Amino acid sequence: MPREVRDVVFVDGVRTPFGKAGGMYANTRADDLVIRCIRELLRRNPQLPPERVEEVAIAATTQIGDQGLTIGRTAALLAGLPKSVPGFAIDRMCAGAMTAVTTVASGIAVGAYDVAIAGGVEHMGRHPMGEGVDPNPRIVAEQLVDPSALVMGATAENLHDRVPHITKQRTDAFALASQQKTAKAYANGKLQDDLVPVAIRDEEGGWGLATADEAPRDTSLEKLGSLKTPFRPHGKVTAGNAAGLNDGATASLLVAEEVARELGLPIAMRLVSYGFVGVEPEVMGVGPIPSTEKALRIAGLSIDDIGLFELNEAFAVQVLAFLDHFGIADDDPRVNQWGGAIAIGHPLASSGVRLMTQLARQFAEHPEVRYGLTAMCIGIGMGGTVIWENPHWEGNK
Amino acid sequence: MSALAAPNEVVTRALLRQVNVPGLDRPAALITLDNGFDHTKPNTFGPAGLTSLDEAISAALAAEPAFIAVTGKPYIFCVGADITGLPLLADRAQALEIGRLGHRVFARLKDSDVPTFAFVNGAAMGGGLELALHCHYRTLSAGAAALALPEVSLGLIPGWGGTQLLPNLIGIPAATQVIIQNPLMQNKMLKPKQAAELGIADVLLEPADFLERSLEWAAGVVRGEVTVTRPEVDKDMWAGVLYFARQTLDQRLHGAVPAAYRALDLLETAKDADFATGTAAEDEALADLVFSEELRSGLYAFDLVQRRAKRPAGAPDKALARPVTKVGIVGAGLMASQLALLFARRLQVPVVMTDLDQARVDKGVGYVHTQIEKAVSKGRMDKGTAARLYGLVSGSVDKSAFADADFVIEAVFEDLDVKKQVWAELEKIVKPEAVLATNTSSLSITAMAAELAHPERVVGFHFFNPVAVLPLLEIVRGERTDDATLATAFAVGKQLKKSSVLVSDAPAFVVNRLLTRFLGTVFAAVDAGTPLEVANRALDPLGLPMRPLALLQLVGPAVAYHVGGTLHAAFPDRFGVSENLKRIADSGQPIVVDDEINAEVAKLLVVGDQPLTEDEVRRNALDALAQEIRLMLDEGVVAEAQDIDLCMILGAGWPFHLGGVTPYLDRTGASERVTGQRFLPRGVASLAG
C-alpha cells in the first residue's frame, strides 16, 4: 500500500508549576498533576472535539502507585476524555515526555491517527529516583556498566573528568545565569502562560493554589561556590549547578498538519526530525551531542541553521560540554533564553514538553528564526534531540 | 462564648490562606473548613467552629483581599450545625445565643464590602448551605454528594438565615420545596444539577478541577469579565404558594410537626421583612424548637437510623457468617420475583426461583426481566449491570436447582403446613449448612423448623412491602436457630442494604403485631358504633404517614384479617376478630376512595350503639400500643425500646417527630398511665426536665 508521510505539528503545550520534592505538592497526587494539564489543554483548544483525540501517551520514570496503572489511559479517563480514547504509559527516564511526543508524532506521520496528547509527570517527592529498582547483578559481575552510571550526579562528575577544561567556576556561572534568566522571564511574563494553576492542600493551611515554580532562587556566585559536592569529595557537582528534585507534569497536543488546519487549531511548531542515541552510561551527559548530530543529519541541516536552543539543564557541565562541542558560547542568546532546569526544576519524565512549549513561544517572538531544537541527556547513557521548524518564519519573504 | 462551649465539639477549623490567582493584582483569601478528619466525619459547626470562622474572616479582611472564598475539605463542604450539642444547651437563652452567633458570623460574609464566594465542593446541608447562601456568589461541584436544608425533618428550622435567604434567591415555590416538602419526604436531598437549576448556585463546575476553575471564575467576577445573572424573584405568588403549602401540611400532618409550621411562618416573613427582622424571628423559632419535645424525639430517631440501624443490637459475631454464593427462592409469585431482583442486584450471585409449573416460573423470571428493562430505559441501570443480572436470575420447576445454594428463602402461601412441607422437601436437596430463610410475616419459625434434621439453620427474614423501598428487615431467631445462621442472615441483610433488627420468634414479630393491635383498637371502635369517619380522623394529631383506614387498605383487609387471626389465636384477650373487617375483606370493595370513606363499605357494617369520640379512639389506640410494647419488651421480643422505634420508623414509616412511637407514648403519658412506667428515661428522647 503506497502511503505518504504527513507533517506533524505541535499545537499547544501546558505544564503545572514545578514544585520542590516535599514542597507544595506534598499532598497532591502525581496523576492529578497530569490530569490537570490534559484538561487545560482541551480547554484552551475548544475547536478540538475531545473524541478526535486518538491517543494519550504519558511518560513517568517510576511507574508505580499514582504514576502506574498505565497512566496514559487512566489519566485520559480521569481527565474526562471519552472512553473511546486509548492511552499508554511510556518511559525513557528524563526524556519520557520527549519520547511520548516523538512516538505519537510518528504515529500521526504514518497515518495511524490524527490527534494525540503527549506529556509526562514525575512526582519525585512521592517517587524518589531509584524507587523500587532492581539492577541486574550482571551489571557488576560482568562489568557491563560502571555502577556509577545509576547515580546521575556521579555521571556528571565523571563527565567533568573527561572535559577538564570545564571548571567548577564556569558551571556555577552558567547556573547563576540560568537563575537570572528565569527571574527575568518571570518578571517579563514569559513563563506564566504555559502554567496551569493547581489546587494544593495541607493540614495547616487548607486549600491553596500553585501558580509559580517553587525551585527558582535568588543566589550568587559566592553562595554557589560554598555548596557541598555530595557526589564526590572535593567534586564539582552541587545542588546549585544541577537541576533539583522536583514534582510536575506537562502535556502537549500533536496533530497532523492538515487536520490542524481543518479544525482551525493553531500551529506553534512543525516537527522536522528527531534522534535518540546511546552513549556510555557513566557519562550520560554527553548524550545530546550525538543525538543532535543525528537529528541534524536526518534533517539535512547544520548546527548553524538552528536559531533557538532549548537544552535541558540536568547538569551545567553537560550543557557546557554540548555548547563547547558545537562551538557555541556559554552566554549565546539563542540558548535557553528563559533559563532552564537548574532554575525551573526538572521533574524527570515531564521535562521534554516544557522545552517544547518554551521553544514554541520563542518561535512566535522570533519570526527571523526558522529552526530550533530541544535536546536533553537521559539516564543510562542516552541523548535525545528534536528539531522543529518555526511556522512564523518570515525569512523567505 | 465560654457559656456556649460544647465539651464534645469536634471543631471544624476555618483555615485561611492567601492565594495568588492569575489575573488579579492582589491575593485572594481562601478559607478551608476542615475538622481534621476524612469525609466519613463531615464538617459541622458548633460554637468553637463558628468562632474559628469568625477569626478567619477577620484575618482575611485585614489583608484587604481581592475576594474571600470559603470551601470545604475533600468531598464535604459542611453538613450544618453540630446537632449533638443541642440537647446539652442549658436553657432557652443559650439556644437563642447559638442562633445569634451563627447569624452574626455568617452575616459578615453577606455584609462584606469585599466580594465573597462559596465554593461548594461537596455535601452542603443545613448551616453549611446557609453559610454558602450568605456569600455573594456560589460555585458548585457536580460531584457534591447532596445539598439540603433538612432541619424540618428533625424538628428544627434552617435558623442561620436559610428561611430568609433561600426564598429571596430561588423564589418561594422552590424554597418551600427545599425547606419544607423535601425534609418531610424521607428527607429528600438535591443533587448538584438540581440545585444549580433551582438557582442555589451561580455556576456548576466539574469536580476534576473544581477549585481551580472556581478561583478562576471568581477572579472573572471580580474583574467584571463574568456577569452573574439571576432571575428576578416573583413576589406576587408568595402568599398563594404558602397558603397552598399550609393546606398540604394540614392535610398530611394535622399540625403534628411544629417545625414545619414555624418554617412556613418564617418564609412568610421573608417576603417583606428586612434581613435583621427575619433573622431575629429565626432565632426565636430556633430557641422555641430546641426546647420542644418534637425536636428531642427527632434527634433520637435520627440517631437510631444513623447509628443503631447500622449496628443491630444482639447480632452475633460477623465472623461467624458463611459466604453466600448462590440464592434459591421458593416461589415465583410477585413477592418472590421482587426478592429475586433484589438479591441478584445486591449480592451479585446466581439466584434461582422455583415454582410448581413452568408457566409460573416463566412469569416470575419475566417479571424480573421487565423490571431490569425498565431500570435501563429510565437510565437507572447501565447495560453492563443489566446484562449481568439477566445472567444471574433463572427459574426452574426442579428444586434440585437448589442443591448448591447457600441461602434459600421461601415466599410461598402463608400457611404453616405448606411451609413445613416445603422445608421438608428441600432438606433432602440442599447442603446441610445451607440457610433456610422464611419471609413469613406472622408464623412461628420454631414450629416451621420443628421436624427438620437441621432446625438450627432456619431463620426468619421478614421484608416489608414494597421490598425495594422499605429499609426494614426483621431477622427472626427461632428457638433452635444457631449463631452461624443468624450471622449469615445479618450479613445478607447488610449486603441487601437493609437495616436489620433482631427479633425473637413471637407472633407477627414487631411491626405487624403493633400495627394490628393499633388497627384492632380502631376497628373495635367502629364495631362499637363509632362512625368510620370519626375513627379514621382520630389519630390525626400524631401526623402519621397515613390514616388508619388508608393503611388498612394498603395492607389489604384480607391480609389484615389473616394476621389478626394469628394474633387472636396467640393473644385472644388483646387481639379481637372483627366480623366487620371480614365483611369488608369479603366484599372486595375499597374502603377509601379519593380520601373519602366508601359509602358502599359503610353500608356493609353491622355496628353497636356505643360510638366513641375521636379523643377516646385515640386514647384507646395509644394505650393499646403502650401495653403491647411493654409486653413485647417483657417477653424479650426485641432487646430494647429503641429497637421497637427503629422498626416502626423503618418498617411502617412512623415519623421522626414521634421518635418512632415510644417517645410519643412517654410524653403523652400513655406509657405511665397503662404500664406505670416510661419506656425511656427523661432526656433520652425528650426534654430533660
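A Cβ is built for glycine as well, from the same backbone N, Cα and C atoms used for every other residue.
Annotated features in TrEMBL:
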type     : residues  : note
ACT_SITE : A:Cys94   : active site, acyl-thioester intermediate
ACT_SITE : A:His346  : active site, proton acceptor
ACT_SITE : A:Cys377  : active site, proton acceptor
DOMAIN   : A:8-258   : domain 'Thiolase N-terminal'
DOMAIN   : A:268-389 : domain 'Thiolase C-terminal'
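On the structure: features taken from TrEMBL.
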residue: A:Cys94; record: active site, acyl-thioester intermediate; Cβ neighbours (10 Å): 31
residue: A:His346; record: active site, proton acceptor; Cβ neighbours (10 Å): 27
residue: A:Cys377; record: active site, proton acceptor; Cβ neighbours (10 Å): 33
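Note: the Cα of A:Cys377 (active site, proton acceptor) and the Cα of A:His346 (active site, proton acceptor) are spaced 12 Å from each other.
A distance of 8 Å separates the Cα atom of A:Cys94 (active site, acyl-thioester intermediate) from that of A:His346 (active site, proton acceptor). Mean pLDDT for the domain 'Thiolase N-terminal' (A:8-258) in this predicted model: 97. Following the DSSP three-state reduction, the secondary structure of A:His346 (active site, proton acceptor) is coil. Secondary structure counts, DSSP: the domain 'Thiolase C-terminal' (A:268-389) has 53 helix, 34 strand, 35 coil.
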